């Protein structure tokens, strides 16, 4: 049984408000032909502020793919190590207790991957299994929890450490004035997060016990959410068609909860939804007939941090822990969406003994 | 129980002999101060010829990271689809029979990944689970089989399709005259391969039944086998210290076979070793006191194709199938080595009913 314990989510120090962002982009593209539309859409993101790896004047310059990837490695390793130590401490565990280390991260590329560096630097066992994933974007957090669920089904007393390292600000492309890119520049935030998924949990443990999982790939949707890979690094691309994916995945989400929990989604006690963006959350509310309260923690995460990619579901889960309103036996679900269009879904029960 | 069935391994059409390679590099670096050493070391690779994605005069020019990544995507998708169809046919299966699709590939970067494209293009079920891995280099083939073993332990009647897509020629860096880089340019070959790992196998099935697995990460070895990520793409780096890794992993390999099979490695009937390069195989022979015959299929793969990265273990396994000498109940092992230094090891029994 996979018990997802309390996540740690940390943010780099440089905070930027959406007002600042509007001014910065206006200065960068003073003659943008559609500036009024751009500004209106930025205001509509419902992002209030975000934390970025570097001061904003550095974010908007491009020091080269190589330098950015070096920043990614240095800060990624430092922050991921901090998160790893924190969640180990919180669980009264040592690196020795971890059987598999997952690192999900789509905003830089390393080989060897961070899994290898962390196993070596933090003194994990040399036989710790590695699962580094770079290609599942915003879906990767929920994806990793689903894979941890499967792994623990095979090894019921094993423990998995999941780390999410996302520095979307390293993908800022100052030459790119497409409306969708300017909006994306104001949507994504930087964060490093992680949690431990325990196989054999004990009295006193609290967490989200995953009890069922599902996956979804939408046919012919490769252009919805994607990277173009160039000498300047990864160029994030978003097609507005992506909004129509939610109507395709909604029946699958409903079906899973109906079939496995004999409930409607609104009847669940907690909802751990990826933020995507404001419109994705609106589409969820509309297609699942959700009570607005059920997306409130996702909206709050979006407002305060922007979309922190694979880390969003951990941030929303963390808010459930911090709200201290969850009771033993509460039922809930998680869903995240990413490139492809891909969705990863799970459901389970809150454990609090 | 995970039965690894007969792999398909396909090669792009452009063959280059090591003699041609020597001439091409000599022309590219006519005044290389250490040319005699370079030529001697190239001759020592024991690679006879390799197949590359493009004619050699195109391989040695750099059309840009973006263009190369486009070649990677177009050819990768085309060849991986061909391999997927072939192994499905060989197993009398349809895409509907596959529960998880793994794509391992370290010579290009795509988001969405090839898993997503293949699920969509070939009509796999929308709920097919994706496992794309880009950061485990040459270890990724054996790594994926180990993860498939775990997955099938959780879902005993599921089937996994594994595809390996490796076009190392897309990493040729014409500006790089380091001796180790020139040797690497003559060592790695391009190939796409794949196989199906069956949960519930039937009478008449033949294959390698994995019965035990192990993983290893060597401390402080991140510089042994690595990429530098630059605007010109991935730059492969190899430190000769890597040779010393085999002495560290050898006891772990011996231990696994001793503990779980109560045998010595030479007592096993077949050996599916990653080729690495000639010296890695020599180190294996030396540190494991191997009978030379036990690395012969790996040496043959190296000679005819070069090191095809994550695909090597599938090519060597394929040679076991094609040799038709394996009997039901034969015991064997697999080991592959990659960035980090990372090793993935497994052992099992040949099934032939």
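Residue positions begin at 1 at the first shown residue.
Backbone N, Cα and C define each Cβ position, glycine as well.
Features of the protein shown, as given by TrEMBL:
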type	residues	note
DOMAIN	A:61-197	domain 'Chalcone/stilbene synthase N-terminal'
ACT_SITE	A:138	active site, acyl-thioester intermediate
DOMAIN	A:220-344	domain 'Chalcone/stilbene synthase C-terminal'
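Shown for the domain 'Chalcone/stilbene synthase N-terminal' (A:61-197): DSSP residue counts in helix, strand and coil, namely 66 helix, 26 strand, 45 coil. Shown in sequence order, A:225, A:274, A:276, A:307, A:309, A:310, A:312, A:336, A:337, A:338, A:339 are the residues of the chain, 6+ apart in sequence, with a C-beta less than 8 angstroms from the C-beta of residue A:138 (active site, acyl-thioester intermediate). Residue counts for the domain 'Chalcone/stilbene synthase C-terminal' (A:220-344) by DSSP state, with H, G and I taken as helix and E and B as strand, are 64 helix, 28 strand, 33 coil. Per-residue pLDDT, averaged over the domain 'Chalcone/stilbene synthase C-terminal' (A:220-344), rounds to 96.
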